[in-house]
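Beneath this line is the structure, given in structure tokens, with notes to follow.
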Amino acid sequence: MSQIDYGQYTVLKYQPSDTGNLIVGILYVVLSLWFFVAAFLSRAKWTLVLPIGAAASAVGFFCRIPLTRYDMSLGLYIVQQMFVVISPAAFFAFNYALFGRWIQTIDPRFSGTGHSSSYASTLPRSDVELASSLAGHDSDKHQYDPMGAQPSGGLMQKSRFSFIPPRLVTRAFVCSDIVTFIVQVAAGGIQATGVQDLVNVGDKLFLAGVAAQGASYVLFSVLITYALVQLVRGRQGSFSSLPAASKKFVIAIALSSLMIIIRSVYRIIEFAQGNDGYLVSQEKYLFGLDAAPLIIAISVWISAHHHHKIASVDDSLIGDADRSGSDRGDADAGQCGGVDEQPQVASRQTPPIAGLFFFPALLSREVHDRVLAQVSDCGYFSLDADEDERGSDDTETTGLGDGKDAYDRSPRNQAMLFARLLPCNAVGQADADNKAGTGYDSAEADDPAADAQACSGLPRWAVELIQHLRQTLMAVADDQLPLDVKQLVFPTSGMLSRQLILNLYRGGEGLASHVDLVNRFADGILLCSFGPSGCGTVMELTHASGKVHQLFLPSGSVLLLSREARYEWKHGIPARSIDLVRSADDPGHVEAIARSIRLSITIRSMLPGADIVGE
Ligand SMILES: O=C(O)CCC(=O)C(=O)O
Ligand SMILES: [Fe+2]
């Protein structure tokens, strides 16, 4: 085998720019120092890949300065080539690891933060189970065990944010990165032999390594996109409603990935074109399509590593995923949702908001189950994921929502019911007819008037529910529910037209924060919660002043919004799979309650004339 002719083999078709390489090298040094400090402060050892990669890149670019086109040291050339081409594998690895950890932080199933709480909760269940729940049966409770045996722990722990288990994502992609890294090192090593025949083999190996590396990054980008789509779906399809930390992360990783892909495409084409190719002939492409994109790709992580934020970064964005051994107590439970969802601990007590009244157990289990059974019989919702959306047969009275309401929910999980000019005394009349005084139980006694009412207005079950609420709320002591508020919701005179919205929430679904339309609905809104006993959801109430209250709405509860609570506070349901709720018995104790199926029935009165609008 012949030894290489340095003069002929020189791939440098240009005289390397001292200034250009110096600037790139210095930028890498600065970034490397920054990330070293950040890694030190965060004590997250794995983040060292970033400063090490940046330092190696700096070495590569500094090595280019002494290179001259015709009189160059092959050793130095190979060194710079290896450092410049191979070091970015560390940047790829950083993104892979970061993404895997991020998924684990936005998916509370991974937050094994050592809660000592009892997990009196159920995991989200299948549609079949939802159907049985709607029919009134509590399905079995699963103990939520975030770091326990499969499926909640381990490498194969699934997440709805990733079609590949997140911990596997990190390991698989980092492994592929290491393999392609080794291929490139081998390529560099082969070229370093200086044996002419092997140099071409080295080139091909470089191409193979870079191409495989780029391909796995493209696959990884599909994963990122999938996670984003899932995240946005859980937020009523709106990117802007994502928490700031999530938005920042998604934008950063998207930009970083775009830059990495640009650089990979450049390298693949460059190696494919070979030594006589165009891209290799001018240094500006190296600066513009390799150095610049890669510097941007890692610079996006500067702010996430900012030392002021390092504490939260350590726990959430880049925290150690293996936190099962942590002995953090309940006080840290707020980290459960990590960077995305960092839920506050919700209360079971009525928040201090004027006009808000909360009755955690107003609906007895019997009444609750009965309403669910009736709603289930009406078939408003399609519970089979494969089934096409289907409406109710009696669409005149129970048409599905048209999505034109203040916030968008699919007809699959929302139904609207309107009563036209339902005289309030009709409800009162039905109430009066029910002389037995056992209320709801005997309301099903044949009552042609109520049946007629149900057909011309609301379905019978809705009339009965309103009637029941009227009875029970009117019976509440005035010091707990002032008379004027009772009369606001259940006026004794005047015509009133009710509107009901049924919202079905599966798993971690939420509802965008809103104020119910002020020019359509009157004051005094009732929110009734249904679902397996012990389960519920957290409602977030936000005021323009920035005040926020998180209230846990258990199944069977009724929330009444009036006056300030109805007009000056927004209400919404954060999308997340697990809520942290302060225990009723022991306020120092926080329970993690997994969301299950939930049906809410919102009962409102239409403002005069508003029932004509939009129909
Ligand atoms: O599901 C809930 O409890 C909230 C429903 C709601 O706010 C609405 O329908 O306007
Ligand atoms: Fe609402």
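Just so it is clear, glycine is given a Cβ too, placed from its N, Cα and C backbone atoms.
Feature annotation from TrEMBL assigns compositional bias 'Basic and acidic residues' to 321-331. Per TrEMBL, the feature compositional bias 'Acidic residues' maps to 384-396. For 491-607, the entry in TrEMBL reads domain 'Fe2OG dioxygenase'. Annotation comment: TrEMBL describes 321-347, 384-408 as region 'Disordered'. According to TrEMBL, the transmembrane segment annotation covers 20-41, 48-67, 79-99, 168-193, 205-229, 249-266.
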Q: Give me the stretch from 20-41, 48-67, 79-99, 249-266 with the greatest number of Cβ pairs under 8 Å to the transmembrane segment (205-229).
A: 249-266
(Q) As a quick check of your reading of DSSP, tell me how many residues in the domain 'Fe2OG dioxygenase' (491-607) are helical, how many are strand and how many are coil. (A) 5 helix, 64 strand, 48 coil
Q | Long-range Cβ neighbours of the transmembrane segment (249-266) (under 8 Å; 6 or more residues past either end) | A | 88, 91-92, 95, 98-99, 102, 210, 213-214, 217-218, 220-221, 224, 228, 231, 242, 279, 285, 289-290, 293-294, 296-298, 300-301, 303-304, 317, 339
